[in-house]
Amino acid sequence: MKNQDDAPPKFDEQEVGSPPPVVPTRPPAADVENQTPSQIRTAGTGFGVAGILRRWKREDLLRRGSLSLRGLALVFSLLAFIIMASNKHGYGKNFDEYEEYRYVLAIAILATLYTGAQAFRHAHELSTGTEMFQQRTSALADFIGDQIMAYLLISSSSSAIPLTNSMRNYQDNLFTDAAASAISMAFFAFVALAISALISGHKLSTQSYI
């Protein structure tokens, strides 16, 4: 009868025949400053250096586009104001005798002041590279202001078109031609501000703080 003390000793499986545990190591950090152009081009989408550079170029293009559109809106609004304000050719042919034309003149003045201030701010920011206000505040103000002013411009144009058409049915003279020209300038200013509002909305929805 065998004694339990004579049994062969038992060894731990981890001590005999098992490889040592593998400790995971972190991959080497990428050297961003010494990347080659090919590595920069193949960087991550939107999170690498190339993504940041593309974002900055896109934002700069949007800023220049907004400035150009506001410059056009300023020119068209100023022309609408000048043409309508000088449209006086005697009794029955003065713009201030008609409520619709006075409305066009008032909105043209507001649009001139608004687009002039916005164009000056954008030109100052592009030339100096500094923001006058916080980016999100500026984007929100641009989006709301462009929409309101675009609505007022199309509203004034729409109210004056029927009156001008009815006048042209029995008289087509310098007064009606000038009124139609002022209305056209106000409509062009509306188109420029409407496109600018789309750009402002895009900038607001993709606001970057980098």
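For all residues, glycine too, the Cβ spot is worked out from N, Cα and C.
As recorded in TrEMBL:
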- 1-36: region 'Disordered' (REGION)
- 1-13: compositional bias 'Basic and acidic residues' (COMPBIAS)
- 18-27: compositional bias 'Pro residues' (COMPBIAS)
- 61-192: domain 'Casparian strip membrane protein' (DOMAIN)
- 67-86: transmembrane segment (TRANSMEM)
- 101-120: transmembrane segment (TRANSMEM)
- 140-158: transmembrane segment (TRANSMEM)
- 178-199: transmembrane segment (TRANSMEM)
Next on the checklist: At a C-beta cut-off of under 8 Å, are there same-chain residues at least 6 beyond the transmembrane segment (178-199) that contact it? List them, or none.
Outcome noted: 62, 65-66, 69-70, 72-73, 76-77, 79-80, 83-84, 86-87, 95, 101, 104-105, 107-108, 111, 115, 142-143, 146-147, 149-150, 153-154, 156-157, 160-161, 164, 167
Checklist entry - Can you count helix, strand and coil residues in the domain 'Casparian strip membrane protein' (61-192) using DSSP? => result 111 helix, 2 strand, 19 coil
